[in-house]
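Undergrad: Pulled these features from TrEMBL for this protein:
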- A:156, A:157, A:158, A:159, A:160, A:161, A:162, A:163: ADP binding site (BINDING)
């Protein structure tokens, strides 16, 4: 992105966490590649005082000729009425969709902050946290005796993205994901390590481009054999051979985010999300 | 929720991960407490074949008298034209907002799937993954020698939510969060443990209701001293006394999700999100 890019200031504003506002706002803005967006998240705008401050800040920008873009999720009607006065371009999903959705559901929305489903209820909270702890306890082949409880076991060479993927699956979907590194220490890398053989149908492999792997490893151990291009190429060739020969489904993570890797694995393996 | 609740089937449909569709859909539906929603996520609907299958599935439901609700984020115009034929109630943020946003930005959207910002670019990917590994390496007081690199150090009694909070902060915001357990082993629980004293300004405490803590601990070690109500009350009293006496800012996590805990801490501590 060059200095000549047009440039806009973006605010994500919410009386809750701001996560939904960020999510839908980023999705929309990602479709405009040639604009540079500076963004700021203002969560928990949940008092009239805070709302007036926000309006003041936005008005100042507008007066300086920098018309801000605002993506918001404001549930409280009083707060919303105040923010509505800001001289900005604003998209709010509650404003936009709620009246029509109320009509479809033939019910009035409760307009209460902090009600997001599938996150706060006791049972689901426990399921999520248990799944995160499962990912941690079963990270990097540390233990194998709980693999019977795993929904999935991710395999791959060191630093191909196993750990963040397992954690994300636990945190976001309550899925119990273990991971096991394929290393030279286990002998022939083209064979499924012994500890994994009873769980062949739970295995999912990750791979990555050698260049990307070398770059990631080099940040960890600069100029080492471990991060050398030659070593990365060799390990990846062997592990990919193993996936192919042993019919282990796999995914190349080079161009994917943790979110994409996780949701693609879930879709491909047909795993049921425990959090719904 | 009783059996008499009205009942609707909900689909989150996307040609990407489906995460944004889930996020804004859940936010809207959470405002209707007296309806039971059964939901299904259909991600990666990225071929005409898959799109026609979806329309068929939705049409069947409609024919059975179960008019589905659909929340979607479909970027590809060909896919969108197919899904649009489904006889359902549908909300799509691209359909709803894109034409107007294009007008405001005086640019055409690129209409390309998988472009979500702040996730896939190399530098930001590394920052996220490094932050997750930082949280893992510095979990549960395992190491203290990297605390100078921490953006924040979360403290609290065992199982009050420290680990998932640290991991979430890393994964979602690229923040480097360590955590340190306050236990009887460290002697007087009302004092800041020695290892933490040089980092007093990075400390943030968590607390929780004794009932909730006992329930969480009881799942881990049933009927133990560790999970007894008496022990939980005592530990929490001491740790809360420490927070108050030592001016450690803190939060009661009892009624909050990991997302809420994390974003409230960030807001309260004024930590800068490293991923923007």
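Using the three backbone atoms N, Cα and C, a Cβ is placed for every residue, glycine included.
Because the structure is a prediction, the values reported are computed rather than measured.
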Undergrad: Can you list the residues of the same chain, besides A:156, A:157, A:158, A:159, A:160, A:161, A:162, A:163, whose Cβ falls within 8 Å of the ADP site's Cβ centroid?
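TA: Close Cβ neighbours, site residues excluded: A:179, A:181, A:206, A:208.
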Undergrad: Going by a 10 angstroms cut-off between Cβ atoms, which of the binding-site residues A:157, A:160 has the sparsest surroundings?
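TA: Among the binding-site residues A:157, A:160, the sparsest Cβ neighbourhood within 10 Å belongs to A:157.
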Undergrad: In the structure shown, which of the binding-site residues A:159, A:162 has the fewest Cβ neighbours within 10 Å?
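TA: Checked A:159, A:162; of these binding-site residues, fewest Cβ neighbours within 10 Å: A:159.
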Undergrad: Of these binding-site residues, A:156, A:158, A:160, A:163, which are close to chain B by the rule of a Cβ under 8 Å away?
TA: A:163
Undergrad: Please identify, from the binding-site residues A:158, A:163, the residue with the sparsest Cβ neighbourhood, meaning fewest other Cβ atoms within 10 angstroms.
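TA: Across A:158, A:163, these binding-site residues, the one with fewest Cβ atoms within 10 Å is A:158.
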Undergrad: In DSSP terms, helix, strand or coil for residue A:160 (ADP binding site)?
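TA: Going by the DSSP assignment, residue A:160 (ADP binding site) belongs to neither helix nor strand, so it counts as coil.
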Undergrad: Do any residues at least six apart in sequence from residue A:161 (ADP binding site), in the same chain, have a Cβ closer than 8 Å to its Cβ, and if so which, in order?
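TA: Long-range Cβ contacts: A:206, A:208, A:253, A:258, A:261.
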